[in-house]
Amino acid sequence: MATIQEIRLVNFEQLIREAGNVAELSRLCGYDKPAYFYQIRSQKPNSKGKILQIGNRVAAALEQGMNKPKGWLSQDHSQAAAQPAFTPAVSGSLKNEIQTVTLAFTGASGFPYGWRLLETLLATGKNVYVLFSQAARVVAKQEMNLDLPAEAEKIQAHLQAYFNVDASRLRVFAQDDWFAPIASGTGTADAMVICPASMGTIAAIAHGTSDSLMERAADVAIKEKRPLVLVPREAPLSALHLENLLKLARLGCTILPPAAGFYHQPKTVDDMINFVVARILDQLRISHNIIQSWGK
């Protein structure tokens, strides 16, 4: 028979799925930073050698934040559930679903979009290859106060610790790492997203220059006919920008500007970020609960 703590951890995972990701669950439950919830989820010893548990106070906050009745977190719902709360959006075998995504960050404004996407991809069980341009690290500091090291190995260690995942789930590659799997069609990811995408990167991909691993990975995605979602953050758009975007759209790329809709009545900046991230996930056919679908 499962212990109360084991039951709470199972229900905790369900709440993460319902919220969309750990960061959103943390926000809904009144916690300013998601690190505490990430530590609970990892069930690994912290710096003091202690494994965090879900106590009564945290359980109450989770129930209140997610509109669950008192005591819900401590109840076994495995037999009562008619169907899982989180089901894949794509029918068919798992082998046809996207499991690995390359996520590239450029120096365009809009780093929070990519960061939330990274959080959500990991929360939904996907494996992620991550690329940062030099300018992207500058934008990360400016827009989110994130200090990302220059070396890919150090960035990877930082992100793995932050999200409590290992190298099987998250890998970071340098821009000149030509031995990375995504540099070849035989090892490329199931899909690629560049978010945010600068107009310089858009132009380079449109003309097939492949001067960096990011550009090469996009080139490989196009030639291997894998989904490539580009999130261009620029305004206004010149004729040159539009020509490059049109060229890529004709090559099968998805052009998805980070233009938030207002029909779901966003109340915070996070709500607007979630809208854009949800549209990206929709294009990848990855199921999510970040925002409510139209008509539901």
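Positions of Cβ are set from backbone N, Cα and C atoms, glycine also.
All annotation found in TrEMBL is predicted automatically rather than curated by experts.
Keep in mind it's a predicted model, so treat the numbers as computed, not measured.
Quick look at what TrEMBL lists:
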DOMAIN    100-284  domain 'Flavoprotein'
BINDING   Gly107, Ala108, Ser109, Ser133, Ser198, Met199, Gly200, Thr201, Arg233  FMN binding site
BINDING   Tyr263, Arg279  dimethylallyl phosphate binding site
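Taking the features listed in TrEMBL, we show where each one sits on the structure.
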residue : record                               : Cβ neighbours (10 Å)
Gly107  : FMN binding site                     : 19
Ser109  : FMN binding site                     : 16
Ser198  : FMN binding site                     : 22
Gly200  : FMN binding site                     : 13
Arg233  : FMN binding site                     : 19
Tyr263  : dimethylallyl phosphate binding site : 7
Arg279  : dimethylallyl phosphate binding site : 20
Recorded FMN site residues Gly107, Ala108, Ser109, Ser133, Ser198, Met199, Gly200, Thr201, Arg233, farthest C-alpha pair in Å
15
Taking the Cα atoms as reference points, how far is Ser198 (FMN binding site) from Arg279 (dimethylallyl phosphate binding site) in Å?
19
Overall pLDDT of the domain 'Flavoprotein' (100-284), taken as the mean
95
What other residues of the same chain, not counting Gly107, Ala108, Ser109, Ser133, Ser198, Met199, Gly200, Thr201, Arg233, have a CB atom within 8 A of the CB centroid of the FMN site?
Thr106, Ala135, Pro196, Ala197, Ile202, Glu234
Whole-number Å value for how far Ser109 (FMN binding site) lies from Arg279 (dimethylallyl phosphate binding site) (Cα to Cα)
18
